[in-house]
Amino acid sequence: MGKNGSLCCFSLLLLLLLAGLASGHQVLFQGFNWESWKQSGGWYNMMMGKVDDIAAAGVTHVWLPPPSHSVSNEGYMPGRLYDIDASKYGNAAELKSLIGALHGKGVQAIADIVINHRCADYKDSRGIYCIFEGGTSDGRLDWGPHMICRDDTKYSDGTANLDTGADFAAAPDIDHLNDRVQRELKEWLLWLKSDLGFDAWRLDFARGYSPEMAKVYIDGTSPSLAVAEVWDNMATGGDGKPNYDQDAHRQNLVNWVDKVGGAASAGMVFDFTTKGILNAAVEGELWRLIDPQGKAPGVMGWWPAKAATFVDNHDTGSTQAMWPFPSDKVMQGYAYILTHPGIPCIFYDHFFNWGFKDQIAALVAIRKRNGITATSALKILMHEGDAYVAEIDGKVVVKIGSRYDVGAVIPAGFVTSAHGNDYAVWEKNGAAATLQRS
């Protein structure tokens, strides 16, 4: 192929990669679970065989596990950040191949960035593990105890700055106010982009450092998106269920987005407010899915362009099951997030292991076919204990819940295009006709 032809192909691929982001059509996919590191032959190699199915389902971004050496097998206790070959998921060459395969299908790769804390390779003169090795032959990321927050007294030498966020007891909390820490972490993030091919970030335990510090790393590395895990407890009643009013919870998430730069920033948050409310709502309390202003009750209702919605992830579900979605109602959860505003995230387990691949893909197809975006208009038509019905952009209607007699609230001119266990989706006649012809 000539030079001009190669340039043309590259430009087309770049347009494909950027299309979802520019238009708000992102559909995320978490490409691992808590047990993925155990995969025989390596997780990255196994995932090579899943790329076609993921891309065919309309996914725009795949979130991959932490890429570096880690004291814990899962990757969340990182040490030598440049040492990719030591990962339990596979080596650097295998990771590059996987990212290349994703890019070849127009799908971006999200790196799981764990920078709140870090594990040291060596002890200092006190016998404390606080001497860090970066994983290169030079001094990059080779830090000492003066890079550990001084209020992390178990590890620090007392000379650094105070922690800007929540404590992480299991490993040293890194001083993100330190100029060298900021500079070398930004260099590492840029290397993840330039050398490995990553496009975007998922910020692990983002409560551990201030949003102002997150802004430094987002602004300094220009990811296509940076979705943060800011997981706080929800206010609950005496029965253990979440209170109806979760405005304080979602306000905290909105505040994080504001402080990293708001609409101008690539920063966004996982919508833990929606997750918690939806968990409870599908148990016969679907009245929860509307706030007093008639909007969705999570971050989705206030700032949908910055709300990454999800049913479960490697922490809430998988084998950890810290906060699992009701297992017999998972597809109700997907019917909700895949038809609604916000940026939905599909979990690997539900797609590949639970037998929901075709149903989830059908819902994504409806989303794409009707041009539903992160900021689509939501009109809630019914919100009772056993039935929730909503219209999106005047093009799609969705019902979740056990009640079947909801025909009276379905607008004229809509026909059923997807249905399953206690959920159904309708499209306008024109969209349904297009589906039948295709």
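Cβ atoms here come from the backbone N, Cα and C positions, even for glycine.
Per Swiss-Prot, signal peptide is recorded for 1-24.
Secondary structure at ARG202 (substrate binding site), as computed by DSSP, is strand. All chains included, 27 other C-beta atoms sit within 10 angstroms of the C-beta of ARG202 (substrate binding site). Marked as substrate binding site by Swiss-Prot: 69-71, 76-77, 202-207, TRP231, ASN233, GLN251, ASP258, LYS295, 301-303, HIS314, GLN320, LYS399, 404-406, 416-422, TRP426.
In the three-state DSSP scheme, ASP163 (Ca(2+) 1 binding site) is classed as coil. Feature annotation from Swiss-Prot assigns Ca(2+) 1 binding site to ASN116, ASP163, ALA166, ASP173, GLY208.
The annotation Ca(2+) 2 binding site is assigned in Swiss-Prot to GLU133, THR136, ASP138, ASP142. In this structure, ASP138 (Ca(2+) 2 binding site) belongs to neither helix nor strand by DSSP; it is coil.
What Swiss-Prot lists as Ca(2+) 3 binding site is ASP152, ASP167, PHE168, ALA171, ASP173, and the listing cites experimental evidence. Counting only same-chain residues at least 6 apart in sequence, those with a Cβ under 8 Å from the Cβ of PHE168 (Ca(2+) 3 binding site) are ASN116, HIS117, PHE205, GLY208.
Around ASP204 (active site, nucleophile), a 10 Å sphere centred on its CB holds 20 further CB atoms from the protein chains shown. Marked as active site, nucleophile by Swiss-Prot: ASP204.
Annotation source Swiss-Prot lists active site, proton donor at GLU229. Cβ-based neighbour count (10 Å, all protein chains) for GLU229 (active site, proton donor) stands at 18.
The site 'Transition state stabilizer' annotation in Swiss-Prot covers ASP315. Applying an 8 A CB threshold to same-chain residues 6+ apart, the list for ASP315 (site 'Transition state stabilizer') reads TRP34, TRP231, MET322, TRP323. Following the DSSP three-state reduction, the secondary structure of ASP315 (site 'Transition state stabilizer') is coil.
For ASP163 (Ca(2+) 1 binding site), the number of other Cβ atoms no farther than 10 Å from its own Cβ, over all displayed protein chains, is 23.
Proximity note: of the listed recorded positions (THR136, ASP138, ASP142, GLU229, ASN421), none has a CA within 10 Å of the CA of ASP152 (Ca(2+) 3 binding site).
Annotated pair ARG202 (substrate binding site) and ASP167 (Ca(2+) 3 binding site), C-alpha to C-alpha distance, rounded: 19 Å. Put simply, of the recorded positions ASP142, ASP163, GLU229, the one whose Cα is nearest the Cα of THR416 (substrate binding site) is GLU229.
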